[in-house]
Amino acid sequence: MDSEALKKYSALHPKPAGLTLQYGTAGFRTKAEQLDHVMFRMGLLAVLRSKAVVSTIGIMVTASHNPEEDNGVKLVDPLGEMLHPSWEEYATQLANAEEGELQRIITEICQKAAVNHHKDASVFIGRDTRPSSEKLSQSVIDGISVLGGQYHDYGLVTTPQLHYMVCCRNTQGQYGKATLEGYYEKLSKAFTELIKQSPSSGESQRHLKIDCANGIGALKLSEMESYFPEEVLIHLYNDGTKEKLNHLCGADFVKVHQKPPRGLDMKPNERCCSFDGDADRIVYYYKDTTGHFHLIDGDKIATLISIFLKELLAKVGQTLKMAVVQTAYANGSSTRYLEETLKVPVHCVKTGVKHLHHKAQEFDVGVYFEANGHGTVLFSKAAETKIRQLAKEEKDDEKREAAKVLENMIDLINQTVGDAVSDMLVIEAILALKGLTVQQWDAIYTDLPNRLLKVQVADRRVIDTTDAERRAVTPSGLQEKIDALVKNYKLSRAFVRPSGTEDVIRIYAEADTQENADALAHEVSLAVYHLAGGKGAPPQPI
C-alpha cells in the first residue's frame with residue numbers, strides 16, 4: 001500500500017467534522033453533499049473485500065426510494081448478495097475514521113480479514129439517475145485506484161442489474177452474461193417462453209401502466225422494450241423527463257399513502273404498478289368501478305407466486321421443500337392464508353432484506369417479500385439441478401411440461417436480490433398463465449386494516465426486541481402494556497421496533513376495522529411515548 005498516495009487522495013475527499021454514519025441494511029444513506037469521503041473509502045473497502053474473497057465485488061451508488069437530494073452506497077458480495085455482516089462493521093469504522101487514522105484502520109482490517117495484498121482486486125460500479133451520482137461514482141473510482149484495484153464502470157443501471165452482473169462474473173458466466181444485453185436476453189427469453197403457454201396467447205395485448213418513480217427503471221425498461229413479445233404493451237409514466245425522483249410517486253409513496261402516484265391516469269380495473277427509485281421494489285394496484293383504490297403489496301405478490309410454484313411442484317411430483325419468509329410487517333391475513341389454505345410453512349424474521357434472504361436459503365424453494373414490495377424467490381442448487389434435469393429427461397409429458405415452466409421461472413427470477421423488472425415479468429407471466437385479472441388476484445384474501453406510525457424518542461436504543469422484532473424486551477412494562485391494549489380489539493396485533501436510521505420508534509397495528517387499527521396504533525404510540533422517552537408533544541389521535 002502506497003501510504004503517500006493514500007494520504008494525498010484522502011485529503012481530496014475530506015471527512016466533514018463531527019459526522020458519524022452507520023452501515024445498515026441499505027448501506028450508507030444521507031444528504032449527497034456529505035458522502036464524498038464515504039464513497040472514496042468504500043472504493044478502498046471494495047478492493048480489500050475483493051482481495052480477501054478473491055472475487056469481483058460490486059458498489060452501487062444509490063439512495064433507492066429516498067428524496068433526490070440524498071444519496072448512498074452499498075457493497076455487493078460475490079454471489080450478488082448483501083455485504084457480509086462482519087464487513088459492515090469495517091465499513092462503519094472506515095467511514096467514520098479521522099484522516100490520520102485511515103492508514104491504521106486499513107491495516108487492522110487487512111489483519112482481521114486476512115487480506116492477501118498479492119491478489120488482484122476487481123470491482124463493478126453502478127449508479128442511479130440522481131444528479132449527484134456521477135460525481136460520487138468518481139470518488140469511488142479514486143478509492144479503488146489508490147489501492148491498485150481494477151474496475152468496470154457500468155454507469156447507469158438498476159441496483160438489481162448490478163447485483164446480477166457481479167453474480168454472473170463470479171460464477172464464470174453460469175448465471176448469465178455480465179452485460180446489460182445478457183440480462184435483457186436471459187429475462188426476455190424466459191418470459192417469452194412462459195407467455196407462449198398462456199391460454200390467450202397472442203389474442204389480446206396485455207396492457208400494463210408502470211410508474212417508474214422518475215428513476216432508473218424508466219431508462220432500463222425503454223432499453224428492454226424491444227426484447228418483449230408483442231402481446232405485452234407497457235406504458236411508462238414518471239419516466240424522469242419532467243419531475244423529481246421519487247417525488248409523489250414510486251413504490252414507497254404508493255405503499256405508505258395508499259393512493260396512486262402523481263402523473264399516472266388510472267381507468268377502472270386497469271393493472272398498474274410502481275417501481276422505486278433504483279428499481280428493486282414493486283407494488284401493484286388498481287381502482288375499482290366505484291373509484292376505490294386497491295393496493296397489492298409484497299404480501300400479495302408472495303402469495304401469488306407461492307400458489308403458482310406450489311401447483312407446479314405438485315405436478316412435477318418432487319418432494320421439494322418450499323417455504324415463505326416474511327417480517328412482522330406482513331399482513332396477518334396473508335400469513336393465515338399461506339399457512340391454513342395453501343398449507344405452505346411461513347417463517348418470520350427480523351426486518352431487513354438480508355435476514356429474509358438468509359432464511360430463504362434454507363429451503364429448496366424460498367419465497368421472500370417484504371410488504372414494501374422488495375423480494376424474490378431462491379432455488380437451492382439441488383432443486384435447480386433436479387428441475388432442469390426433469391425438463392430435459394422426464395418421460396411423462398405433463399411432468400416434463402411443468403418442469404419446463406419451472407425452469408423458465410428460474411431463469412426469469414433474479415435470485416440475487418429483489419428486482420422490480422424481473423418481479424414484474426414473473427407476475428405478468430403468472431397472471432397470463434392462470435388467466436387471472438388483477439381483481440381476482442386481489443380477492444385471494446382480504447388484508448386486515450392496519451396502520452404504521454412513528455414516535456420520536458431521545459434514544460431509540462431504549463427499545464430492545466425479540467421474536468423477530470414482534471416482542472419488546474425493554475423498557476420494562478412496555479410489552480405488557482401492548483398485550484393489554486391488543487386484547488381490546490378483534491383480530492388485532494401490534495408491535496414496536498426502533499428505526500435502523502433515526503431516533504424514532506416504529507409502530508405497527510392491525511385489527512378488524514380501520515377505525516380499530518387506528519385506535520390501537522394511537523394507544524400503542526402513547527405507551528411508547530410515556531415508557532420509552534418520547535420527545536416533543538404526545539402523539540395525537542389519527
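Numbering starts at 1 and runs along the chain as displayed.
Any Cβ shown, glycine's included, is placed from N, Cα and C.
A quick note: this is a predicted structure, and the numbers were derived from the prediction, not measured.
Per TrEMBL, the features are as follows:
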ACT_SITE  Ser64  active site, phosphoserine intermediate
BINDING   Ser64, Asp276, Asp278, Asp280  Mg(2+) binding site
COILED    380-415  coiled coil
DOMAIN    56-97  domain 'Alpha-D-phosphohexomutase alpha/beta/alpha'
DOMAIN    114-167  domain 'Alpha-D-phosphohexomutase alpha/beta/alpha'
DOMAIN    178-283  domain 'Phosphoacetylglucosamine mutase AMG1'
DOMAIN    297-435  domain 'Phosphoacetylglucosamine mutase AMG1'
DOMAIN    452-525  domain 'Alpha-D-phosphohexomutase C-terminal'
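Features recorded in TrEMBL, as mapped to the structure shown.
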residue	record	Cβ within 10 Å
Ser64	active site, phosphoserine intermediate	26
Asp276	Mg(2+) binding site	35
Asp278	Mg(2+) binding site	33
Asp280	Mg(2+) binding site	31
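The stretch from 114-167, 297-435, 452-525 that makes the most Cβ contacts under 8 Å with the domain 'Alpha-D-phosphohexomutase alpha/beta/alpha' (56-97) is 114-167. Under 8 Å from some Cβ of the coiled coil (380-415) lie the Cβ atoms of residues 80, 160, 163-164, 186-187, 189-191, 193-194, 197, 309, 312-313, 315-318, 320, 361, 363-365, 422, 425-426, 429, 433, all in the same chain and six or more residues away from its ends. Confidence for the coiled coil (380-415), expressed as mean pLDDT, is 96. Distance noted between the C-alpha atoms of Asp276 (Mg(2+) binding site) and the residue listed as 'active site, phosphoserine intermediate' is 7 Å.
The helix, strand and coil residue counts that DSSP assigns across the domain 'Alpha-D-phosphohexomutase C-terminal' (452-525) are 24 helix, 26 strand, 24 coil.
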